[in-house]
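TrEMBL annotations:
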| type | residues | note |
| --- | --- | --- |
| REGION | 1-42 | region 'Disordered' |
| COMPBIAS | 1-11 | compositional bias 'Basic and acidic residues' |
| COMPBIAS | 12-26 | compositional bias 'Polar residues' |
| TRANSMEM | 91-115 | transmembrane segment |
| TRANSMEM | 136-157 | transmembrane segment |
| TRANSMEM | 177-198 | transmembrane segment |
| TRANSMEM | 219-239 | transmembrane segment |
| TRANSMEM | 359-384 | transmembrane segment |
| TRANSMEM | 404-426 | transmembrane segment |
| TRANSMEM | 432-449 | transmembrane segment |
| TRANSMEM | 456-474 | transmembrane segment |
| TRANSMEM | 480-502 | transmembrane segment |
| TRANSMEM | 522-545 | transmembrane segment |
| TRANSMEM | 551-572 | transmembrane segment |
Amino acid sequence: MAPWPEVEKPETNNYIGDSSKQNQNMAGKEGENHKGNVASLGNKGEIQPAFSTIALIDETRPEDDPWALPELQDTGVKWSELDRKGKIIRVLYGIGKFVMLLGLLYLFVCSLDVLSSAFQLVGGKAAGDIFKDDSVLSNPVAGLVIGVLVTVMVQSSSTSSSIVVSMVSSTLLTVQSAIPIIMGANIGTSVTNTIVALMQAGDRNEFRRAFAGATIHDFFNWLAVFALLPIEVISGYLYHLTNVIVESFHLESGEDAPELLKVITDPFTKLIIELDKSVINAIATNDESAKNRSLVKIWCVTEANVTLQNVTIPPSENCTSSDLCWTDGNMTWAIRNVTETKYISKCRHLFAESNLPDLAIGLILLALSLLVLCSCLVMIVKLLNSVLKGQVASVIKKTINTDFPFPFTWLAGYLAMLAGAGMTFVVQSSSVFTSAITPLVGIGVISIERSYPLTLGANIGTTTTAILAALASPGSTLKYSLQIALCHFFFNVSGIILFYPIPFTRLPIRMCKTLGNITAKYRWFAIFYLLVCFFLLPLFVFGLSLAGWPVLLGVCLPLFALFIAVVVINIMQTRRPHSLPEKLQNWDFLPIWMHSLEPWDNIIMSSLSFCGKHCCGFCKCCKVNAEQEGAKDNQLKTMEVYENTVAMADEERGGRRAPAAACVEKTGTNNTAL
């Protein structure tokens, strides 16, 4: 380091001595040596370089792992330090928080149910119309994206599966053509927990973990489809396997499947809305009269009476028997069973007496359910953060995330899978279960590695529920509904076999962490991902499929080959860059907007800031977030500033001897450069 400039005034020696004394208190013997050196050179008017206190700090600071589970420290008074009154108050507070948590979870599940009803009101009839085109459904790729779109529109894989069963039992669709639709429904049902993860975008690290924990379900479903759909199209193994199982049993219609969670939530949700889901099935099966019917159920208690009546029939119809059919002049009469529906009592939900169209009711419920969903999620996260601290958090983390000792380490993941399947069977919905664990992953109670088997177990649990529901189907649809449910079950089992047993094949974990890092840095990318994967990409492929196989293959195959090439080059750039040509060792030869999100981020942030000037509420939110981010950055910078007594004395005397001394920078070797 270059020596200090000469000091013109001898008064400087006074504070040189003070500086050496401060260094003596901080550095021991080094301070004493430094004091002697400064004293010997003080008479000459020269100042040696000041020793920085940074040297007292560990030079190698390990970077924090963003995926490490945070320690939720208990900042309150310890239990042992409380008196009897304080302990009673803390216990009552804990019971109150637990009751409030149960109430919020109940409202959270009910809001998911109402959200599904709202989506069905908005897009249910359109979903039924999509299923009407038999020529498109025979294309497996089109069937796949139709399954994704319909499930996203109705927010329920069970609803889309019931539509498929109705079409198969009506001979409008074959089981082979229904299998890709079921695969698509498996993808579409994972959009719910991805939406839930967006609610934790306030904290960067929480959002990183929550979004990764939600999208691990997406990546597993997409990878399973990419691997198994071509195999199914070529070999038909799912169809043949399930057909053998169904044919080997003498099936009879059973009792209704158990509805465990519905018993608790239906009394509340039926006060808000009730739907007649047979309308969507009727539209899908080409019933023209269903187009003018409303999805909102008006009459909840009806009675059907079947009577024999004399009715006129067209002359073209032949009389099956002279006793049941006769001709009177120019008219042909027949005795037939006529069903008359007697309406007994109306439903009691909010919209039973409303004259609003289905679209308006659906939009109202969509806004209200999203508001309740977001509010419940925010409060659940805050409650969990206040409850899961100290010993409680450590016990839960060890219980959920700890592996068994060698050689039974592998067993913990499969037990988590069984737990996920059991919990999904209890709540009767994989969307509810995965949406419930998403905030737990965000706050750091459940690790990404443990949420993966839990999610796979949820996939298995929802198929077992479908199998039980299929066994309770009427005799006309029993075979087809059971075969489709078994196809769904074996599809998920096949995906688990491919992407779980061997640690190297657990690609969804690495993929979701990569996406989590991107969305933590560029939070708008989460919405972009949601729109592309669940709306734009399926709509694009569906539009191409309408044009036929030649157009679909001619467009999709080159794009897919380009995508695979980019992925392979990225992997080689990371692991073996020298094996690539010099130009392909990085993407710098492309325009920056093609290989970096930074330009797009600048455009989006500038657009949002422009809009924020015209929106007070948004502007205030942006200012608050900016102030919080700035406070964090200032806090980090303040921790890296170290005292330099010579520079402080210069400031006190008001003299600026060197412009370079005005800016102290931290170098890579943890020394101050002046």
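Glycine is treated like the rest: Cβ placed from N, Cα and C.
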Stretch contact, the transmembrane segment (432-449) with the transmembrane segment (480-502), Cβ-Cβ under 8 Å, 3+ pairs: no
Within-chain partners of the transmembrane segment (480-502) [C-beta distance under 8 Å, separation at least 6 from its ends]: 161, 164-165, 168-169, 175, 178-179, 182-183, 185-186, 220-221, 223-224, 227-228, 238-239, 241-243, 245-246, 251, 413, 417, 452-453, 456, 459-460, 463-464, 466-467, 469-471, 473, 508
When counting Cβ pairs under 8 Å to the transmembrane segment (91-115), the leader among 219-239, 359-384, 404-426: 359-384
Candidate ranges 136-157, 219-239, 456-474 - greatest C-beta contact count to the transmembrane segment (522-545) (under 8 angstroms): 136-157
Contact set, same chain, for the transmembrane segment (136-157): CB under 8 Å, 6 or more residues outside the stretch: 115-116, 119-120, 122-124, 126-127, 130, 163, 173, 177-189, 191-192, 225, 229, 232-233, 280, 430-431, 462, 534-535, 537-539, 541-542, 545-546, 549, 552, 556
Same-chain residues at least 6 beyond the ends of the transmembrane segment (359-384) whose Cβ lies under 8 Å from its Cβ atoms: 97, 100-101, 104-105, 107-108, 110-112, 114-115, 117-122, 196, 199-200, 206, 272-273, 296, 351, 439-440, 442-443, 445
